[in-house]
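Contents: one structure, followed by commentary.
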């Protein structure tokens, strides 16, 4: 199928002894029905009342048996459902017109069974006729009563009580009822049992038109899923058949319903009105929006109304003259339904598990064909399985030899081998870059050229001038001492005495800690972006330092140990971190502290501007509201006065025109200010990130400075001084501290070695150590935060 087709609409007339032959006539083709009314004499001579109607339908079922109704209406829909097409059969009409009889029939007599039992019977008979397919049948029974959803099969013992109320949910696969139970049936008898169980739970009431009137809409759904038994295809088909028994419409003034029946009739008429609105919208090809969500009935039937299914409508009418108005209303609904078009399509799905199995079989077959092809071309040594570690190592060796020049070419064997060769090229190049970087780190201290704080620090230390050249850099090849540039300024003596680690120790801290090469500030080692500072043990600098020491030894000294006088006396106990932090901000961390304060001031300024802009926006919004009220007042005043031209155009006075212009300007200004506010918020977020980054950097460098200044043992201080054997900043602090550990530290290490003998105590001691470390960390951070607030 796949082409668009119109909905089939049939009319079934309820048998009666008082049939209005003069008013209701059928066409000879049994596809049309004509209605004729006599003019009302009470309306006088001039009477334009319509008296004749003609309706073209797909069939008129008058005095038709249940067998004929099913053969005409439902048999093709059910048959095509087993081929993968969805189907919907709906019964519509006024109260007592025979809708439930058409759908369900009389359960007391087998011959009088309706469309629904016959559809179940046909489904299972067709399943028996298709032994090549494994077809699964599931059913559900939904009731819509007073705009509430109920599961008619919830009373079964194996169906648990619903905790949450049922709701209608949409997904890419369609519309389904969340909370509605779906029951698997393997036999026709089981399906009938479920049908009768649901029928006993339906809400019925006595009515003037029908003793057992259905007071709710009911939807019985049959879900089908067919898999092929013979073919190993992963594709299977699904379908569903919606059998809808609508509640009957009625004229409240005519039926005289009261109490609960009146309330039910109100809900029924309301939902049927929304259904008719949806049908009218579906019949109009120019409509973009279909009001499916106006009521539960139309929402639940969204897939059935105008979807990809075969749809049939059975309109039940009275043949009596007293019910002619309701008959006309039902026939109008049927004619509108015929304008709706659907596009039936097969619902095909794919079984993931079977698809995997088929792909595995196909892969094995392709491997066999490839092996035959390789054997015919004398390539028996080629394998297409995933490579193991030995093969990958061999390819890595080939790539290295190719880069070194000892291998001229790499033989191409397979596509998998080519991909692995490119992968190993990436691995080898990455390893070479890491080796070059580690070599540079061992020989040089790397400083990022974009790290202005580190550059400023080494300029203050006197090692690099403002142009980025090393101080004392040789200008010629014949003399090694060189001449310092004139722009280089010597450090003050007082400052060098106060900070006994200047210049090299502070330089190392700012090079190694403040701008770590393995951090985010230096992602790639490059000579174009990085300043290389030779260490004290390299080449000319080492000679220069040795000559400086020889020169200084000739000069007279005031004492036998001048180095001891230059080094200040270290306090027995280190100062508190808040005090040390203030000293650090004024000296070694002054540059970072300055940047931190600048960023913070910029952040505060942006926040102030954002606050002012917000206040301005609020003021504009208030003015817009006032202008709107004034404009609405002018409009209402103009409408009351009725100022119109001859052509029907409205006349706007000058005051209203000025208000419109003012409102337009205010809205434009509001949008502009709001855009500025969004930009300011983005700047605030960026500035906040910079402030947090500077704060973290300041605290981190202070921690390193504090550890190097007061925690490292004194014997290690001598090694870290200029001219010592170890350059400061190159050895981690925890390794340096461990060199001067006391007996308690040695006992802790001994305890860690002895612990494996008693495994039960490992968790206890490890937890204790972690808690102590956590408390120490929190204590330190609280002290730093208090110092920062000051």
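Each residue, glycine too, has its Cβ placed from N, Cα and C.
When the residues 51, 185, 488, 530 are compared with Swiss-Prot, the one annotated as phosphothreonine is 530. Screening 54, 216, 546 against Swiss-Prot annotations picks out 546 (annotated as phosphoserine). The 10 Å shell around the Cβ of residue 100 (ATP binding site) contains 26 further Cβ atoms across the protein chains shown. Considering only the residues assigned to ATP binding, 12, 13, 14, 93, 94, 95, 96, 97, 98, 99, 100, the longest pairwise Cα distance works out to 14 Å. One residue stands out among the binding-site residues 12, 14 for having the most other Cβ atoms within 10 Å of its Cβ: 12. Mean predicted confidence for the domain 'Kinesin motor' (6-340): the pLDDT average there is 86.
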